[in-house]
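For reference, the structure discussed in these notes is given below.
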Amino acid sequence: METVTVLGLSFIEFSASDPDRFRMLFENMGFTEFKWCDDFDVTLHCEGEVHFIFNPSSYKPLREFRKSHVRGVSGIAFRVSNSLDAFSRAVALGAEPAERAQYGLYAIKGVGDSNVYFIDESEEKSLFAQFSYQKQLKDSSKYVKVDHLTHNLFPGGIKRYKEFYGRIFGFKSLRSFDIDGAKTGLISEVIASECRNIIIPLNETKDDKSQIAEFLKDYGGEGVQHVALLSNDLADVVEDLTRDGIEFQNTPDTYYENLNSRLPNHSESVERLRYHRILLDGGESQGGGYLLQIFTKNIIGPIFFEFIQRKGNQGFGEGNFKALFESIELDQVRRGVI
């Protein structure tokens with residue numbers, strides 16, 4: 001049987017019992033807010049092609065999700081040509097059906113008590129039309145789309161979810177990494193839908209002290225660790241977000257001292273990168289072009305956001321993994337985790 005054809009990512013659903021905190025976070029991130037006509041506590045937050053739905057309702061699947069994880073990504077919605085056909089095909093391919101979403105969407109079980117929703121064009125238009133306009137928070141276009149979202153997994157999880165997404169949706173592996181920091185390590189494999197509109201790095205820990213292990217403990221199991229948002233001008237985005245109270249992971253000064261020797265032909269201002277603590281990666285050894293990226297501190301429990309700008313490079317900051325890992329380890333040391 002053919003796999004389910006995925007056309008793209010429609011929205012990411014977050015759930016928690018503290019709606020005011022989430023609304024303030026998304027406001028500070030520059031999203032436009034809409035309220036759902038059926039439940040004003042359920043909100044849609046939009047910017048560019050990024051759509052977040054925050055749902056704190058007592059609907060059973062979300063209530064059960066919060067029992068396990070308190071707050072986090074409770075669902076991701078895949079665009080398909082026909083939702084019922086996609087759901088039926090997924091179940092026939094071995095997916096576990098989930099209770100239909102509060103919005104009436106078909107769903108299957110996903111990572112860490114979350115669901116994968118199926119939504120076609122007519123359903124998406126109908127759903128988004130049910131959210132009433134609240135206020136334009138800022139006249140801006142910070143984000144283009146969701147670049148990728150990660151899964152943090154227990155040992156063996158990479159193999160399990162690579163097989164799951166491959167068998168059901170035809171996802172393929174793009175690349176893999178084996179990263180060692182000063183004290184901890186991780187293994188990562190990046191998978192993507194055939195349309196390349198959904199990219200998921202799958203991460204496993206190599207020890208019981210890494211950022212992956214800490215996430216699994218604090219989150220109460222597997223789940224989405226971070227969501228990466230694509231921007232066309234990362235420095236401006238970071239400047240705006242910092243002004244609005246978003247805190248970012250620090251990057252060691254030695255990273256910038258070594259930047260020109262590691263990437264000798266880049267044309268970025270190192271001082272501007274240092275000022276905003278932005279990471280730079282790419283070059284000929286990674287297929288050409290460059291990318292800029294930065295990571296927030298943990299902002300939703302153990303979950304954080306990444307902001308990324310691509311200048312011809314389609315990697316994931318492989319050269320920055322060690323620098324990032326070291327900066328997170330420094331934060332873990334300060335907090336007494338390692």
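A Cβ is built for glycine as well, from the same backbone N, Cα and C atoms used for every other residue.
Curation does not apply to TrEMBL; its annotations are automatic.
According to TrEMBL, the protein has these features:
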- His148, His226, Glu306: Fe cation binding site (BINDING)
- 8-134: domain 'VOC' (DOMAIN)
- 145-297: domain 'VOC' (DOMAIN)
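Across the domain 'VOC' (8-134), DSSP helix (H, G, I), strand (E, B) and coil residues number 42 helix, 50 strand, 35 coil.
The Fe cation site is defined by His148, His226, Glu306, and by the 8 Å test on Cβ atoms against their centroid, the other residues of the chain that qualify are Asp147, Leu149, Thr150, Pro201, Gln225, Val227, Ala228, Leu229, Phe295, Phe305, Ile308. Mean pLDDT for the domain 'VOC' (145-297) in this predicted model: 92.
In this view, Glu306 (Fe cation binding site) is surrounded by 23 other Cβ atoms within 10 Å of its Cβ, with every protein chain counted. In the three-state DSSP assignment, the secondary structure recorded for His226 (Fe cation binding site) is strand. Secondary structure at Glu306 (Fe cation binding site), taken from DSSP and collapsed to helix, strand or coil, is strand.
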